[in-house]
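A short write-up of the structure that comes next.
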Amino acid sequence: MATSAMHHPPIVVLAGATASGKSALAMAIAKKIGAEIISADSRQIYWELTIGAAKPSPKELQEVPHHFINEKHIGEPFTAGDFAVEAWQRITAIHQRDKRVVVAGGSTLYVEGLLKGFANLPSANEAIRQRLETELQTLGSEALYQRLVKLDPTQAATLDATKTQRLIRSLEIIESSGTSVTALKAAQQPPPSHFTFLPFALFLPRETLYQRINQRVDDMMANGLLHEAEALYQTYCDTWQERNLSALRTVGYQELFAYFEGRHSLDEAINLIKQHTRNYAKRQITFFSNHLALRWIEQAEMEEIVEQHGF
């Protein structure tokens, strides 16, 4: 018989920077405690992104059930709010099967939505988005940013003119809903009250993390990232709108797209992937440190906890 809703064991959440070892540790924990894994990675959900998204191997997917891997195609909208709602539903279903849950991933808004809830924002409006993207091309990002400053100064303060996808999404929400993003966020939907989270973030010394990032990029290139990026470029980059699909605005692909267009040499593109990935890791660490109450823990300490207590 399934355990009652009020007596489920806690949900282990393992966040942290890219290349910090979250996925491997999540696998070890899941095998130890008999858990299924929820991937909190906004790129692994797409079928078309494999090497550059650092997906688990087919063998790992066979050994432990994973969720939110290969479930969407590029171009299908899937927001952090969508993830939170579906993740809560799947956690409930996993609990009903008397299984444990491990959440692993570094997508900051996915982890935040899962743990804290999310604002009930309107779904993507393709017509509005395409018009805003055209305005971005013709007017520039600063003009759109100043529009957001007038319409929702609080939301504008959380980003800048370089964050074009968040900028367009903010303006799209305002036009779709007729109200500010800030007002919608104030009516945030919390996670189910009977969920208990054990939220951790995996810590690595910066130099070690950066070495791992550089090595991961080299490994991705050796494993066929160039071929994967070329296939994506030939399939999806005919128009400006396709090129700027959220899924394709991913470190590792954008730099190689620039190489295909002759804007960088291959060596320059690889070095840029490493640099941009290090920058991304730094932003992840800053976000997780400032916005979420996570317990920062080294891998050896986490392994010891699992071995001794099993959560």
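Cβ coordinates come from backbone N, Cα and C, glycine included.
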Swiss-Prot annotation of region 'Interaction with substrate tRNA' - which of the ranges 140-144, 165-169, 210-214, 235-239 it falls on: 165-169
Residues flagged as region 'Interaction with substrate tRNA' in Swiss-Prot, choosing from 21-24, 41-44, 277-280: 41-44
C-beta crowding around LYS22 (ATP binding site), within 10 angstroms: 26
Neighbour tally for SER107 (site 'Interaction with substrate tRNA'), based on other Cβ positions within 10 Å of its Cβ: 21
Cα-to-Cα gap, THR18 (ATP binding site) vs ARG129 (site 'Interaction with substrate tRNA'), nearest whole Å: 29
Under 8 Å by Cβ from GLY21 (ATP binding site), counting only residues of that chain that are 6 or more apart: LEU202, LEU204, ARG212, GLN299
Cα-to-Cα gap, LYS22 (ATP binding site) vs ARG129 (site 'Interaction with substrate tRNA'), nearest whole Å: 34
Listed in sequence order, residues not in THR18, ALA19, SER20, GLY21, LYS22, SER23 with Cβ within 8 Å of the centre of the substrate site Cβ atoms: GLY16, ALA17, ALA24, ALA54, GLY106, LEU202, ARG212
Candidates GLY16, ALA19, SER20, SER23, SER107 (recorded positions) - the one closest to ARG129 (site 'Interaction with substrate tRNA') by CA: SER107
